[in-house]
């Protein structure tokens with residue numbers, strides 16, 4: 001959603017493909033700016049595409065697992081059509097607010113506050129991302145003790161819970177590893193640490209936010225398409241914020257990695273908005289998942305092709321939105337399922353505790369299956385877990 005100039009970063013929740021020097025805060029003002037080789041550029045673009053596909057694929061898989069869970073605390077949050085329509089307005093207000101902050105206050109202090117904020121948020125997001133893997137590799141010979149963090153106010157009958165968080169030894173290990181990455185990012189702002197946090201944010205965004213209606217996804221993408229075009233081409237707000245904002249809300253890969261190794265400083269970048277927003281549409285049937293997945297690859301590849309051809313950064317949603325909407329629509333037309341696709345809504349059999357949208361009612365399925373889907377499913381007691389989100 002941001003047209004990123006040379007040497008700029010990408011604001012939170014924004015999208016865009018561009019390049020930047022180390023740190024991503026200031027453009028390179030020198031007489032001999034680095035010119036990347038064809039091999040280095042291909043490696044950078046290919047790595048960005050791969051890093052973008054990973055959170056979409058695995059986030060969608062994990063989202064299905066959350067949807068099948070019978071515990072309401074594990075359920076993803078459903079985005080309604082009203083939420084989708086309001087999102088571009090909220091994003092615009094946030095963007096303009098950041099613009100005013102950077103104009104009024106010192107950029108150094110604002111970025112210091114943002115660094116601390118994303119440090120905490122990144123640790124929690126990475127811990128949640130690592131949790132399923134830790135459950136598999138944690139040695140059974142080691143004790144997995146249970147802990148509880150409880151804050152209350154008042155006493156007796158007036159006692160009220162403020163925080164009630166239960167966790168175990170596995171969670172502490174994840175938190176410790178994530179804290180190491182967080183300190184590394186906070187002190188060095190290294191591009192690898194940035195990408196680790198960025199991938200965790202993207203995966204959590206795709207996993208924990210759910211669109212149970214195709215029409216809602218189209219509303220969301222269409223609104224952000226207009227938002228992107230307006231703030232990028234109609235004003236200098238997006239570019240100003242992009243040049244000033246420092247946070248792990250973009251994926252970067254150095255074009256000069258082959259020449260300078262891990263100390264490389266000339267980056268190609270991709271905003272997390274280019275990953276999370278189109279990724280919401282890839283959670284339904286396998287056919288449309290594959291179609292949307294290929295559409296995303298095509299749109300992102302086209303973005304990089306145009307950027308490389310014209311030597312100018314591009315707002316990726318300008319290409320991703322038509323591709324991610326157009327490809328599934330064409331597939332539905334070929335299969336004769338266009339009406340069914342736009343009237344599809346996730347059933348209660350899959351999302352037993354998630355509020356359903358009522359604007360686009362379900363029209364498929366037998367009366368028996370519809371009746372069964374309306375029956376409440378028994379829930380099994382499981383430990384409560386507060387899950388961080390990055391969006």
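Placement of Cβ uses the backbone N, Cα and C atoms for every residue, glycine included.
Nobody curates TrEMBL annotations by hand; they come from automatic prediction.
In TrEMBL, the feature transmembrane segment is placed on 262-281, out of the ranges 142-161, 162-181, 262-281. Looking up the ranges 1-24, 25-48 in TrEMBL, the one annotated as region 'Disordered' turns out to be 1-24. Comparison of 42-64, 108-126, 218-242, 293-310, 316-334 by number of C-beta pairs under 8 angstroms to the transmembrane segment (192-211) places 42-64 first. Of the Cβ pairs linking the transmembrane segment (316-334) with the transmembrane segment (42-64) and spaced 6 or more residues apart, fewer than 3 are under 8 Å, so the two regions do not touch. Here the transmembrane segment (42-64) has Cβ contacts under 8 Å with residues 17, 36, 76, 132, 195, 199, 202-208, 210, 251, 253-255, 257-258, 267-270, 274-276, 278-279, 282-283, 289, 293, 296-297, 300-301, 304, 308 of the same chain, all six or more residues outside its ends. Residues of the same chain lying 6 or more positions beyond the ends of the transmembrane segment (108-126) and with a Cβ under 8 Å from any Cβ of it are 25, 101-102, 174-175, 177-179, 181-182, 185-186, 196-197, 200-201, 204, 244-249, 388-390.
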